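As written in TrEMBL, here are the features:
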type	residues	note
DOMAIN	79-159	domain 'Cadherin'
DOMAIN	160-268	domain 'Cadherin'
DOMAIN	269-383	domain 'Cadherin'
DOMAIN	384-488	domain 'Cadherin'
DOMAIN	488-605	domain 'Cadherin'
SIGNAL	1-24	signal peptide
TRANSMEM	615-636	transmembrane segment
Amino acid sequence: MRITSTSCICPVLVCLCFVQRCYGAAHHGSIKVTRNQTKHIEGETEVHHRPKRGWVWNQFFVLEEHMGPDPQYVGKLHSNSDKGDGSVKYILTGEGAGTIFIIDDTTGDIHSTKSLDREQKTHYVLHAQAIDRRTNKPLEPESEFIIKVQDINDNAPKFTDGPYIVTVPEMSEMGTSVLQVTATDADDPTYGNSARVVYSILQGQPYFSVDPKTGVIRTALHNMDREAREHYSVVIQAKDMAGQVGGLSGSTTVNITLTDVNDNPPRFPQKHYQLYVPESAQVGSAVGKIKANDADTGSNADMKYTIINGDGSGVFSISTDKETREGILSLKKPLNYEKKKSYTLNIEGANTHLDFRFSHLGPFKDVTMLKVIVGDVDEPPLFTMPSYVMEVYENAKIGTPVGTVTAHDPDAANSLVRYFIDHNTEEDRYFTIDASTGTIKTAKIFDREETPWYNITVAASEIDNPGLVSHVPVVVRILDVNDNPPELARDYDVVVCENTKPGQVIQTITATDKDNSANGARFHFSLDEGLSLNPNFTLRNNEDNTASILTKRRRYSRTTQDIYYLPVLVSDGGVPPLSSSSTLTIRVCACERDGRVRTCHAEAFLSSAGLSTGALIAILLCIVILLAIVVLFITLRRSKKEPLIISEEDVRENVVTYDDEGGGEEDTEAFDITALRNPSAAEELKYRRDVRPEVKPLSRHHPSSSVDSIDVQEFIKQRLAEADLDPSVPPYDSLQTYAYEGHRSEAGSISSLDSATTHSDQDYNYLGDWGPEFKKLAELYGEIEPERTT
């Protein structure tokens, strides 16, 4: 089969088609299919040979974007078996067969019915086969071939990342790289120049340039100044076909901004400034602003202001506002128009962030002169001192001068001044002031011991302008006079031991004085000279504001005298000296050998009776013995609880227990109560079971006629009489059981079974009449009776 292609439109394609046809006809252009033949060679028999075929296969090409009215011819399929009689049928299968590519089954011509785009699909793979039209048998095996879509320049270059925004520092060197741009072309880069792109600059010259091959944008001028121009718009073009005529092109915009560097020093708009400040301006307040201009921005324009010299450097200070980059002028000291009317300041403004690459552009600082004019203001009176301290003695008469304050008008008018006291506190009412002279006087009599200091506020105003007022604090100190006598520091509890020795110190005393040390720091102690000489005690002045009390006797007795009184005179060293008298109470106490106090008042009531120590001991022994007897007696009485009936027969044996329920009052058969209703049933004598009686009991003979008339109450009385007349003495108790519940006996029980709880008839209150010696014993027996009762 031979494939022939004639789709050549350009000289190159014509040449390729010619070579293809000529060379293909000789070598590659045909596929020869040879039928089975038999050669007759002399002397040989006929031999059958398998048919041989030769394959020379070529590619087909079809141009993209074909816009003609007729289908585009692609090529021709031809088999060597085709004799031109129409017996061979050509079949085409594969990609696009029947839709894009059609074949004439008789001639083998292939056509493209649609416009193709190489950028969408570059080639198509198809299969061709020649069959016998009559038998539908393949004349040749199926063969594969490719139809390539041939590229034309139908796509312009594109900048996929544009537009661009980029920055470059100002004052950069020429040729500084700014940005590299890249354009892409969808055409085939392997075929012709359709995808070969070159770059050029359409807008932005002469400031910038672009490399034609790489697309790198660079600065084209020296020292591009941001302050002159900050923004640039550069247009870059990319053109294919290597920039030849007829090539397609695309463009993009690059926005370039120059960033700031510190290449501009600060400058004050003026070399001389003038500022008006009133003398009433407060210290620390801002009085003015000043600013140096800097063409730079950001940190390159940061400024610092300083006062480098001038006569006002000690009165004013300057600081920098970081937001506005202004110099804030503040007042350090108060102004006084009358003393100085103007000041001169030299102010410097300098950049804080320097770039040494541009130091050749000059010093990055500037200096200007500021003249401050002080304005005259009507000021309040001015006191000669910021505060006053005055003194006055206590007890001074009302109206006594304390001191004088002085104020004057600082203005040139020198107006008269009026004084007064601000009565804001109670202390301000204790003083008065002369409105013209400023003399302060007392308005009450002061006591230093009550309040030693007073604080008042004095105000001064101009007579012509009362609204202008100034104030000054005045402290008044109350001086001390010796008007308080000294006193003992406390109430002393002085004790002297009975076994003390002569000359022994028993107490050291001190004194206090409400006056200050100048009038009462030195104390003198002595005994009252108006009294007779004390034979028991003496006083020694220690010359250190203390005094010692000493004994003069060898022994003291509490029985003789237990308390002594010692008058002491205390005087101070003031002018005039004052003194006071106090009486010390000295108690006599019994002490141990080491001096510890044992007792002072425990035997005071005994000593008054004149009893000796031996008598006291004997009394105490008697009390102890009596207490022992009482305790023994109480113990014996409480222990007498054991019953005297020793018989095994329990008194409860007469108690009969029934488990059945009675029939009430009408039931007379459950228990026979005749023995209780008829005393004759119990007429026989009941002897005691614990002892044998020695005397016969009284006979009980009653007429039989009166037995039925005897009452149960009378019967019980007879039994009581028998118990009282029982000859067995001492009267042992026996248990008498009766079913009669009569009236309670007013005489009480005669049994001793509960004698332990019986109240005693003994009255111990007479012990309290025996005197204080038996008081404790009376208290003890007085406590026993309430306990027993409880």
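The backbone N, Cα and C atoms fix where each Cβ goes, and this holds for glycine too.
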PLDDT averaged over every residue in the domain 'Cadherin' (160-268): 90
The domain 'Cadherin' (384-488), counted residue by residue under DSSP: helix, strand, coil: 5 helix, 47 strand, 53 coil
For the domain 'Cadherin' (269-383), residues assigned helix / strand / coil by DSSP: 10 helix, 55 strand, 50 coil
